[in-house]
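Take a look at the structure set out below.
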Amino acid sequence: MKQIKIDKIPARLDFIQSASGLILALFMWAHMFFVSTILLGKDVMYSVTKFFEGEYFFGESYPIIVTIAAGAIFIIFIVHALVALRKFPSNYKKYAIMKNHIKSLNHTDTTLWFWQVFTGFAMFFLGSVHLYIIMTNPSEIGPYASADRVVTEWMWPLYILLLLAVEIHGSVGIYRLALKWGWFEGSDTKKSRNNLRKLKYAITIFFLTLGFLTLAAYIKIGIEHKDKAGERYHQVTKTVQQGAQQ
Amino acid sequence: MSEEKNRILKISILRFDPNDPEDFPHMQTFEIEEAHGMTLFIALNEIREHHDNSLKFDFVCRAGICGSCSMLVNGTPTLACKTLTSKLGVNISLAPLPLFKLIGDLSVYTGQWMRYLNQHLETWIHNREKELNVDKLEERMEPELADEIYELERCIECGCCVAGCGTIQMRQEFIGAVGLNKVARYHLDPRDKRSDEEYYNLIGNEDGVFGCMSLLGCEDVCPKSLPLQVKIAYLRRMMIKTSMK
Ligand code: SF4
Ligand code: SF4
Ligand code: FES
């Protein structure tokens, strides 16, 4: 059969959008677990931070690792935003038509899409600010440093919005990815879609709860540590304690 | 025996005659008494018979197989002949399907859109034989495969999926679930000899499968319960595979 030329770009863009979205969503879930270690105590969070700075591999911490990781995520974030942008309503008229359609159809998944566009748009700004700060201040992660950033440096309003946006965008996105590519389809697709939707709500609620508890923990530490803002956390080791007693 | 009172239905209909320069879209409400087993088809006929004989709407089969009676019932695209009034509240709003050419009131010209779609996607068997030989026996097909094709062939071109699709609202060139379903149907058919690349050229773009945003309005409103979600996902995977060859 003769070879037919095809334009591969639309397929590539679609694939890139899905793949970058999947990476970002999985990263966000993992990230949430790391930051929430503060709920297990300052020491645990401190150890996790040191782990990511490579202290357990190199014997010394290298915050540059965090910069590189945040930079990589930033690049994926930008790529994802760029390709996803083509799905946004391109002018006010289209937006109005879509809004009207959503209202009159009153269809859950279509409405969820609207939320995804909205939260995605919000993240252009919120996510960029956060990623930039982490990239440029990689060593400022830790029980005190992070809490100071939240409270003293006034990041908590941004984090509240970012948390809402990320968790809604991510879980709706993953749900839609599953439908889009036919994952977990099963033999009864109606039933599996129903289950997927329930799972999606459960995941959103779980991560929002965890997220807000975590944020509350940092806010508490931040307020207590306000007078000494800027001071770094140090693990209180046994020897130091003994030394102090002598 | 006490006689139970029937409900009085308030049916609001979007009235508009695009051919009348004086006319403008407006809602008109009719009150009719509900009868046992009443469908919207019966209700509309009653309105036309007893209230307003200028009301325009389409029906042919009255059995959910011709696809001509599709309209927005309380905002949701569906077939009027299949809709029992007992399943609805007393206030019912009816409007024509959006996007299609309006003939008047509830009557739209879906045929024009569907014909364009079928021409564009060439929804017929491409067997590559130079000459038509009517004496030649058709190749045999496994019954399971025939069933699978038949399942997709059940589409009645009612246009509900088109009206329920958010993507088409924004981008009218998008072929919608009905188009994608047809492509899936021909792709399954072993008599159709089109290559994956040829299919890619039909739907491997933003007007085709990559335009679909998986909102699944189509799947949820299709009155024939076609497996649209599954087929769109299947085509998407197939197109990605073709692009990686
Ligand atoms: S796919 Fe379903 S909703 Fe769409 S035209 Fe066919 S029967 Fe109607
Ligand atoms: S899944 Fe959504 S975007 Fe795709 S065809 Fe169906 S309604 Fe339209
Ligand atoms: S009249 Fe034929 S489908 Fe309703």
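Using the three backbone atoms N, Cα and C, a Cβ is placed for every residue, glycine included.
Predicted automatically and left uncurated, TrEMBL annotations should be read as such.
The following features are taken from TrEMBL:
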BINDING   A:His31, A:His80, A:His130, A:His169  heme b binding site
TRANSMEM  A:21-41  transmembrane segment
TRANSMEM  A:61-85  transmembrane segment
TRANSMEM  A:112-134  transmembrane segment
TRANSMEM  A:154-178  transmembrane segment
TRANSMEM  A:199-219  transmembrane segment
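Annotated features, which come from TrEMBL, shown on the structure.
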| residue | record | Cβ within 10 Å |
| --- | --- | --- |
| A:His31 | heme b binding site | 13 |
| A:His80 | heme b binding site | 23 |
| A:His130 | heme b binding site | 19 |
| A:His169 | heme b binding site | 24 |
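Listed in chain order, the extra residues whose Cβ falls within 8 Å of the Cβ center of the heme b site residues A:His31, A:His80, A:His130, A:His169 are A:Leu24, A:Phe27, A:Met28, A:Ile73, A:Phe77, A:Met123, A:Gly127, A:Leu131, A:Leu162, A:Val166, A:Gly170. Remote same-chain partners of the transmembrane segment (A:21-41), defined as residues 6 or more beyond its termini with a Cβ less than 8 Å from a stretch Cβ, comprise 48, 52, 73, 76-77, 80, 84, 143, 146, 166-167, 170-171, 173-174, 177, 207, 210-211, 213-214, 217-218, 221. Site extent for heme b: among the recorded binding residues A:His31, A:His80, A:His130, A:His169, the largest C-alpha separation is 18 Å.
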